[in-house]
Amino acid sequence: MKNRSVLFLWFGQSQANLADVLYIVALISILYAQNSSPVLLSCIPFTITAAKFLSSFTVPFLIDRYRAKRILVVSQLLKTSVLSMFFLWHMSLISMLCCVALIAFFDGWAAPVQSSMLPHLVDKEKLLKWNSMFNVTDQTIQIAAYPLGSFLIISWDATGLLWLSFSLFSLSLVFMQAIRMNVHSSKTKQKQGLKEGWKLIWHYPRLRVLLVMEVLEGMAAGVWASAIVYVFVKEILNKNEAWWGYINSSFFVGTVLGGFVLLKISVEQERSLYHIVILGSLFSGFFTLLFGVISVPFLSLLLSFTIGIALQISATCSYTLTQTAVPLEKLPKVLSATLSVSYVTFGLSVLLLGAVASLNVTAAFLTAGGLIVISGCVGLFLRNYALAN
């Protein structure tokens with residue numbers, strides 16, 4: 001039953017993630033046809049990030065009142081209901097952004113809840129492999145969904161793509177409803193619910209160290225935003241827009257390969273996982289520094305691919321360490337707290353590194369690489385503290 005349930009969770013989340021991308025592709029097409037302003041189009045990712053950040057604060061209250069499966073199912077049901085509004089009447093820009101915000105808000109419940117369900121559905125020694133499986137699937141969808149959506153827009157139209165997204169949302173809901181898991185969460189007072197995730201992070205040394213590393217690496221993550229890579233390609237590599245796509249694609253292909261690497265190896269000891277996290281950070285930081293100073297296109301392509309591998313391996317092992325650090329009933333609150341931090345740090349990273357790149361794009365990559373190397377050094381110097389019981 002557990003094996004079937006984890007497959008239902010995997011299938012359900014995959015369908016939902018694919019639909020999340022396809023409906024955004026459809027909306028971008030609709031908005032561009034109405035008004036081709038890049039500023040308006042940039043409102044979509046900003047709205048999604050802001051809504052998910054706000055959503056992360058509501059997860060602890062939901063966890064105290066409802067089972068994880070119920071939250072996941074209701075989240076998907078609400079997303080499907082909001083998406084259906086696009087078929088009911090002609091929407092203005094504000095109405096569309098409100099619907100995007102609502103879908104992203106409800107989707108913000110799913111990430112920490114789904115990740116907290118996984119340790120209940122698989123044995124501990126298989127947790128890393130299943131985390132890798134979920135990550136590989138998600139990264140593959142991120143790579144394939146945008147070109148697939150573009151092709152379907154040409155073959156059908158935006159409305160047809162919205163119907164496909166609605167169908168995938170509905171199918172995802174069926175799979176999620178089929179999950180069998182009976183886990184009751186411990187109750188806490190309303191005021192304590194929001195703080196409990198942070199208290200748990202403060203209580204466990206491993207979580208404190210991993211959070212510091214995540215903040216440092218999150219502040220570096222914005223360097224891979226499309227705009228900064230675009231400037232690097234034009235100004236440093238002196239190549240056309242095609243190379244912008246090549247470098248982005250090689251990075252994401254690297255993340256997929258990193259996930260496959262973890263599927264093929266067996267790492268059960270927490271100390272070994274932690275050492276992999278450190279090595280992944282140090283290698284990805286070093287390669288990011290090299291990426292910033294090398295102006296040979298082929299080497300840049302190879303480095304972006306290698307960075308994707310190292311970052312994916314490090315991030316997946318770090319996530320697995322977090323999942324096994326606290327009692328399972330408390331895990332959603334810890335994950336919602338760390339997700340809120342990741343949203344803030346990524347947003348700040350895009351702004352700050354974007355400002356640095358406007359002055360000197362090489363300096364942006366050197367700054368990012370330095371932050372990742374510092375993250376690895378923090379993990380290295382505090383390894384005994386982080387692994388203490």
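Note that the numbers count up from 1, one per residue, in the order the chain is shown.
Keep in mind that glycine also has a Cβ here, set from the backbone N, Cα and C atoms.
Features of the protein shown, as given by TrEMBL:
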TRANSMEM  7-33  transmembrane segment
TRANSMEM  39-63  transmembrane segment
TRANSMEM  83-106  transmembrane segment
TRANSMEM  160-179  transmembrane segment
TRANSMEM  209-231  transmembrane segment
TRANSMEM  243-263  transmembrane segment
TRANSMEM  275-296  transmembrane segment
TRANSMEM  302-322  transmembrane segment
TRANSMEM  334-357  transmembrane segment
TRANSMEM  363-382  transmembrane segment
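Between the transmembrane segment (243-263) and the transmembrane segment (39-63) there are fewer than 3 Cβ pairs closer than 8 Å, counting only residues 6 or more apart in sequence, so the two stretches are not in contact. Pairs of Cβ atoms less than 8 Å apart link the transmembrane segment (39-63) most often to 83-106, out of 7-33, 83-106, 302-322, 334-357. Tertiary neighbourhood of the transmembrane segment (7-33): same-chain residues 40-41, 44, 48, 76, 79, 83, 93, 96, 100, 103, 107, 110, 114, 117-118, 121, 130, 133-134, 137-138, 141-142, 145-146, 148-150, 152-153, 158-159, 161-162, 164-166, 168-169, 171-176, 178-179, selected by CB-CB distance under 8 Å and a gap of 6+ residues from either end. Here the transmembrane segment (334-357) does not lie next to the transmembrane segment (160-179) in space: the count of CB pairs under 8 Å, restricted to residues six or more apart, is fewer than 3.
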